[in-house]
Amino acid sequence: MTEQYQHRARKRFGQNFLHDAGVIDKILRAIRAKPEDRLLEIGPGQGALTEGLLNSGAQLDVVELDKDLIPILTGQFGNKPNFNLHQGDALKFDFNSLGAEPRSLRVVGNLPYNISTPLIFHLLQNASLIRDMHFMLQKEVVERMAAGPGGGDWGRLSIMVQYHCRVEHLFNVGPGAFNPPPKVDSAIVRLVPYETLPHPAKDHRVLERVVREAFNQRRKTLRNTLKLLLSSDEITASGVDGSLRPEQLDLAAFVRLADTLSEKVVTE
């Protein structure tokens, strides 16, 4: 990067700029962007991935919060006909404003670790617009996303992401690939929203509520954590053992509990 475009990473934005050419190339090869694609990059930073994405010929919208990076990105890529820059907070961004067709958006990002989980949940609310997502995240977060029942990593994030998406932990990235180096390892994850949900809930908001309540006290039994929502008999009627802890249940079991609660709310 030339001196004209130098920018110091800001801690309050959780900025760690990717600079390792080998890692950048590996990410771009995992994405395999094509000219007919509609790409959305969240947090382009200094444009480490942006140039390669633009070179694919695909239409690229980028969302960047840091106002100081806007002239840098405009200076580097503003003359590209397939580049469209949005200054703002991705957590508040209206993805419908892009006018994308259903299941057409390919979302990419080296996400700031301090907002990665809420941003993932925001994106899941727009899953019907998204074809796939490729993110650089804290390795621990990716492990939680990809986790299965029975372990300590299985929780609210695992369940809600896997409700909407197929999860692939692609590869890990060490701190040295960034400037400044983060204090944790990173990983690349691919999320592919399902065309047809394998375990559809009657109301996904009720599922979110049940999962949140269950894992608020994850060491307690379901009979205790869900007592304000469901009785012991209602848990049993859902085909679930109320003496189990939440981490012992799979996604399908949580959907059954949520559907029981949905029916209860309707009848009441």
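For all residues, glycine too, the Cβ spot is worked out from N, Cα and C.
Residues or ranges marked as S-adenosyl-L-methionine binding site in Swiss-Prot (evidence: sequence analysis): N16, L18, G43, E64, D89, N110. All chains included, 23 other C-beta atoms sit within 10 angstroms of the C-beta of N16 (S-adenosyl-L-methionine binding site).
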Span of N16, L18, G43, E64, D89, N110 around S-adenosyl-L-methionine - largest C-alpha separation, Å: 20
In the chain carrying E64 (S-adenosyl-L-methionine binding site), residues 6 or more apart in sequence that have Cβ under 8 angstroms from it: G43, P44, G45, I70, L73, L85, H86, Q87, G88
Assigned conformation of N16 (S-adenosyl-L-methionine binding site) - DSSP reduced to three states: coil
